[in-house]
Every structure is written in C-alpha cells, then in structure tokens.
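Here is the structure we will look at, set down as structure tokens.
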Amino acid sequence: MIDPHAATARLWYRSPGRLVVAFIAACAMSVLVALTASTWLHQFDLRIYFDAIAWWHRGNDVYSYSQPDALMGSLGFTYPPFAAVVLWPIGWMTFPALQIVMLALIVVCGAACVALVIARTALIRGRSLAAAVLVATPLAFTLEPWRQNLSLGQINLVLAALITVDLLRVSVHRPRWTGMGIGLAMALKITPGVFLLPLLATRRWRALAVAVGTAAVATSLAALVLPSASWRFFTDYLWDTARVGDVSNIQNQSVRGWISRVIPDQLVQAILWAVVSVVVVLLALGAVVRTEARSAPVATLAVTGLAGILVAPVSWMHHAVWVMPALACLVQRFLEIRRTTGQPADRRLVLALVISGVIVWCLHPGTYLSPDTDYASAGLGIRLLSGLPVLWCLVFLVVARLRPELLAARPAATSGAGTR
C-alpha cells in the first residue's frame, strides 16, 4: 500500500532541526495547557496506594487502610487484590523513587498507545512513525484525562497500554494470545471488562476465553495470597461506591454522575441511569459491529472505552483516556475528507466534533464550574453544563453507530468477525 502520509512525515524526520522545534513546541503547549487548565496534585492517588501497601507491609489488611479527606470523606485502596499483589514491591521503595518510576511508566505507556493508534490510523511506519509519536505524545498529554494520570499518579494509561497492545498489535501478530492484555487489565481493575464487548460482538470466542481465563487465573492467584481480603473485596467493597468518593462530584463524568447532578430524586436517578446505560450498550454494540466491518480497530477501541466510561457508576476524569483514540480517528478522517472532493457536510461535522472534543477534554470541569457548586440549588443550565464530557461521548457513540464512515474511511475487504 502506498503511504499517503510519507511525504509529510519525511519533512519531520529528515530535518532534525524541524523535528526538535516541533517536539519543543508540543511540550511547551502541553505544559502551558497544564498550568492554565489544571492543578498539579503531586501524585496524590499514588501516595494513597503507597501508604496502603506500606500499611499492608506492617501486617494490616490492605483494605482497612483509610485516609481522611475533606472532599471525599475517606480514601483507601480500591483496586482488586491482584493489583495489591502486583504493587507489593513498592513497599520497599521510597515515595520519591516511586514517583520517578511512575511518571516514567505513565509517559512510556502513553507513548506506546499513541504509537499504536497512529500506526493503525495514519498507516505510517519506521522513522515516520517515530517522528509523529515524538510530537503527538506531549500533545496527547494536553488532554485532561491524560494530564491527570501524571498529576495523580494513576494507572489508567498502564491499563490502556495493555488493552491497546492487545487489540491493535497482538491480535494481528500473535492472534492466539489476543485477550491476555484485556484479562490482565481486568484483574488489575474491574472496569476494563468492557473490552470483552468487541470480542463478543465480533464472535472472537477464543480471544474472549483467553481474556476471561487470564483474569480468572490472576484473580485466583491473588486469592491464594489474600484469601480473606479477596472474599471481602468481591462480596462487599466492590459494590460500595462510597469507597471511591461522592458520585455527584464534578469529576465524575459518567452518565450516573451527570444524572445525579441534574436530578435530585435518587429513585429517578437510578431508573434513568439504568435506561440510558442499556441504550449506551446497544449503541456501542452496533457501533463496534460497524467499525469492525470497516477494519477500523482504533474506532472500535474508542467506542468501547468511551462506552465503559459512560455506563460505569463512577468515571473520574482521569479514567477517560480513551478520548485520545477517539480524537485520532476524527482528525485522520477529517484529513482524508479534505483531500477528496465533495462531502462538505461530513467535513464540517467531523471538524465540529474535533474542535468540541479538544475544548471539552483539554479543560478541567473546574475551570468553568466550581467543585463546590450545590447542584441541588443550581440552575438547570449549570447542571447540564456539568456533563459536557458525557454529552460529547454520547454524540461520538451516536455518530459511530449511525455514520461509521465518519470515523473510518476504508471498508474492509472481509468482515472483522470470526472465531479468531
């Protein structure tokens, strides 16, 4: 296949000076956005995990660790037992050393996600890809979810790398192992289980079995190390959303979070959340089938990830790392449409999604709404405004379901479904 982007990419990697300038400009933009649109939180969440593991090292139950918090009440270790076992070695580290390791790991995992997404959407390889990743990675960290992972020391980009490598790399080069990355991510944090959806929708039964089996084996191994803690986690702590904070907090950009800010009645909240969640899952299933039929795995990745963000009871801003592949699909499609004649309405729609997505996802909600807002007494406009990221995700899913050609230009010669 002729690479339509090679000429542009060569301008970067064949001119070291131009590449350095582009990289510095991208980093400067990332830092500028971080300073103006967010607050550096000194790996606050990482500190909680560090203290919880240290608490466990001293002979206590890791889930009994609790840290008072003025905003959330109390905070503790909320990940599954397998995550606690994996994190056990950090108890032998100092926190500054852990911060350095975690910052490096987050950046490397973010760069890996960017590289795989660019390789599958822009169809470039080698030095062209390296040059693009060098510039695109700091730009990706201008997105609030990505930036918060650095600021809080969160593991969401590590999980995203496991899943992205699985679906964009392993599924092509080592298909027998497809599902293992998803399974490991599920064992580390329950919510990546949403990525079983594309495997189910496209009838990849082997990959589905590998994912579920990997998660089961990892969870079972953790149960051998922490039997009583594992039992309490899966029978009690997992279902207690109060352990992760206030659902109505502006940081919660799930459907449930938005509804809890718009509608005060809890029964109506529960019913509406259930109904909208069913609609979201059906939209996502239909969209996945259509994007897979067009051999658009990055679009599938974005659809699935954003659907998971919407239906989860609590989706903090730093969970929404899947907005990057969503924007990548839209940007690539806009460039393709612009090179062709006709389709001005499509070009305008895609551009509107890109611009609105950049605005919504590069701004912390606290920049236009106070985190102390009393939504029970706030006007309807303020309450609706508190869910702009949710609204953008819903629109993206509708577009993916009804107009998949706006996300993926090249229909597949054969269906993406099968028993791979």
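Glycine is treated like the rest: Cβ placed from N, Cα and C.
Unlike curated entries, TrEMBL annotations are predicted automatically.
Note that the coordinates shown come from a computational prediction; the quantities given were computed from them, not determined experimentally.
Database features, via TrEMBL:
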- 20-41: transmembrane segment (TRANSMEM)
- 70-90: transmembrane segment (TRANSMEM)
- 97-118: transmembrane segment (TRANSMEM)
- 124-143: transmembrane segment (TRANSMEM)
- 155-172: transmembrane segment (TRANSMEM)
- 178-200: transmembrane segment (TRANSMEM)
- 207-229: transmembrane segment (TRANSMEM)
- 270-289: transmembrane segment (TRANSMEM)
- 296-314: transmembrane segment (TRANSMEM)
- 320-337: transmembrane segment (TRANSMEM)
- 349-368: transmembrane segment (TRANSMEM)
- 380-400: transmembrane segment (TRANSMEM)
Could you check whether the transmembrane segment (124-143) and the transmembrane segment (20-41) come into contact, where contact means at least 3 Cβ pairs under 8 Å with the two residues of each pair 6 or more apart in sequence? yes
Please work out whether the transmembrane segment (20-41) lies in contact with the transmembrane segment (320-337), by counting C-beta pairs under 8 angstroms that are 6 or more apart in sequence and asking whether there are at least 3. no
For the transmembrane segment (207-229), which recorded stretch in the set 70-90, 155-172, 270-289, 296-314, 320-337 gives the largest number of Cβ pairs separated by under 8 Å? 70-90
Could you give the residue numbers and ranges of same-chain residues that sit at least 6 residues beyond the transmembrane segment (70-90) on either side and whose C-beta is under 8 angstroms from one of its C-beta atoms? 48-50, 52-53, 56-57, 62-64, 98, 155, 187-190, 218-219, 221-223, 225-226, 229-230, 233-234, 237-238, 242-246, 249, 371
One stretch in 155-172, 178-200, 320-337, 349-368, 380-400 has more Cβ pairs under 8 Å to the transmembrane segment (296-314) than the rest, namely 320-337
